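Enquirer: Okay, so TrEMBL annotates it like this:
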{"type": "DOMAIN", "residues": "109-505", "note": "domain 'Amino acid transporter transmembrane'"}
{"type": "REGION", "residues": "66-98", "note": "region 'Disordered'"}
{"type": "TRANSMEM", "residues": "141-165", "note": "transmembrane segment"}
{"type": "TRANSMEM", "residues": "205-224", "note": "transmembrane segment"}
{"type": "TRANSMEM", "residues": "260-280", "note": "transmembrane segment"}
{"type": "TRANSMEM", "residues": "300-320", "note": "transmembrane segment"}
{"type": "TRANSMEM", "residues": "332-354", "note": "transmembrane segment"}
{"type": "TRANSMEM", "residues": "374-399", "note": "transmembrane segment"}
{"type": "TRANSMEM", "residues": "427-444", "note": "transmembrane segment"}
{"type": "TRANSMEM", "residues": "450-472", "note": "transmembrane segment"}
{"type": "TRANSMEM", "residues": "484-503", "note": "transmembrane segment"}
């Protein structure tokens with residue numbers, strides 16, 4: 001009898017423990033976190049099975065001790081509704097206040113300095129290496145555009161965040177939306193409640209995949225120019241880089257990769273300083289007379305896309321602002337990050353162009369002397385390869401959520417099994433995405449053209465057009481006249497630049513594709 005009693009008490013304790021873990025899993029699912037490993041996913045499933053098993057016989061005893069009969073009537077989130085993407089249905093009794101309270105307890109908040117570091121990483125990445133090439137075709141107007149793009153992107157980032165908030169019945173400004181997709185859906189409601197979100201998702205996927213392609217292109221380009229005497233072509237170097245990147249298809253999380261992100265960013269800043277130091281050492285030979293006041297009409301629109309692409313960060317700003325300890329510091333953070341980016345990019349582009357003038361290449365490090373070029377380029381290739389998993393994983397997440405895990409609206413069956421493991425055909429699709437980035441890099445190995453096309457298409461759309469349009473649509477009754485003027489002006493100018501840059505970049509890509517196909 002005593003043994004039976006101990007066994008029963010042990011089962012009760014085990015059930016309570018598993019129940020607590022299941023509640024935690026549900027809480028993290030609501031916050032958008034995913035299981036880090038297959039073992040954790042199996043652990044959650046095992047907790048759910050045990051919990052259901054014990055609750056059949058001990059439901060009242062356990063639930064009364066944790067909150068009474070009310071919570072016993074409905075299954076708790078995380079018991080049987082845990083899903084990989086955190087889209088499990090909420091219990092009917094769960095209020096929004098309780099959900100937000102739980103989310104606030106679980107989410108670590110970041111300071112304004114940490115938020116600024118994230119924005120700086122986004123807009124001060126390795127794609128600044130293409131800015132001197134933009135000065136080659138734009139001259140002083142290219143420098144002006146670097147400043148102009150910083151001002152506009154800073155402004156559109158602020159108005160995008162303003163679209164997350166509305167005034168409640170008590171006159172208080174409260175956050176009613178959480179993401180870029182939510183803003184887009186709100187603008188298209190009620191006639192097309194999901195159209196805006198789908199447009200933003202498509203733009204996001206294009207930008208992420210194109211970013212992956214650019215990493216492969218720049219890796220092949222840098223390695224080829226670092227070791228020109230080796231009998232290995234740029235295409236072959238791209239294939240080698242892709243072979244190294246193929247394990248990205250097996251990624252379940254970014255824990256391992258994120259450990260290197262800080263070192264990569266610091267290494268990139270060091271490389272920028274080295275390039276600037278070398279250029280300053282040749283200050284006596286700077287070709288000021290080569291900086292033009294006129295533009296190359298055919299190639300300057302491509303430069304616009306390059307400059308815009310180097311400032312893209314709007315897609316993750318809503319999430320960043322929502323995780324700040326003091327969201328009121330967001331505007332100040334945006335100001336100093338974009339001012340710093342504008343100064344550093346302008347100086348880097350101008351100094352590098354003055355050093356090499358008309359010989360400036362698409363990737364500026366290719367202009368360095370062979371003695372230091374190889375070392376600098378190897379570090380840049382390492383950064384590119386370690387940066388590739390970030391946009392790749394994000395693109396995979398968006399594709400899987402949109403096409404395979406969107407409930408009844410999904411276009412295809414779920415690519416994950418009941419135990420949370422990725423199915424074989426889902427893994428095949430991931431590998432196909434890696435191979436697709438390789439094929440694009442092989443057939444169109446032009447860093448500037450691809451960067452210009454992406455900046456003109458998705459960069460201008462996400463940074464210029466959509467934020468100004470959403471701001472006018474959602475808050476037009478409360479806007480002052482100068483805000484309306486700025487929004488309309490940004491929309492018109494951004495649209496013209498986007499169409500012009502896209503057409504010229506596409507023409508250049510088609511010509512390059514034909515040339516490579518003939519070869």
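Every residue gets a Cβ built from N, Cα and C, even glycine.
Set these features in their place in the structure for me.
Expert: A Cβ distance under 8 Å defines the sequence-distant neighbours of the transmembrane segment (205-224), meaning residues of its chain 6+ beyond its ends; these are 126-127, 129, 232-235, 237-238, 240-242, 245, 312, 315, 362-363, 365-366, 377-378, 380-381, 384-385, 387-388, 391-392, 394-395, 398-399, 433, 436-438, 440-441, 444-447, 450-451, 453-454, 457-459, 462.
Packing against the transmembrane segment (260-280) from elsewhere in the chain are residues 121, 124-126, 128, 344, 347-348, 351-352, 354-355, 364-365, 368, 372, 376, 379-380, 382-383, 386-387, 390: each is 6 or more residues past its ends and has a CB under 8 Å from a CB in it.
Packing against the transmembrane segment (332-354) from elsewhere in the chain are residues 112, 115-116, 119-120, 123-124, 128, 131-132, 134-136, 142-143, 146-147, 150-151, 153-154, 157-158, 272, 275-276, 279-280, 286-288, 290-291, 310-311, 324, 360, 364, 367: each is 6 or more residues past its ends and has a CB under 8 Å from a CB in it.
Outside the transmembrane segment (374-399), and at least 6 residues removed from its termini, the chain residues within Cβ reach (under 8 Å) are 85, 125-126, 129, 201, 204-205, 208-209, 211-212, 215-216, 218-219, 222-223, 225-227, 241, 244-245, 248, 251, 254, 257, 260-261, 264, 267-268, 271, 274-275, 365-366, 368, 430, 433-434, 437.
Sequence-distant contacts of the transmembrane segment (427-444), counting only residues of its own chain at least 6 positions beyond either end whose CB sits under 8 Å from a CB of the stretch, comprise 209, 212-213, 216-217, 220, 235, 238-239, 242, 245-246, 248-250, 392, 395-396, 399, 415, 450, 509, 512-513, 516-517.
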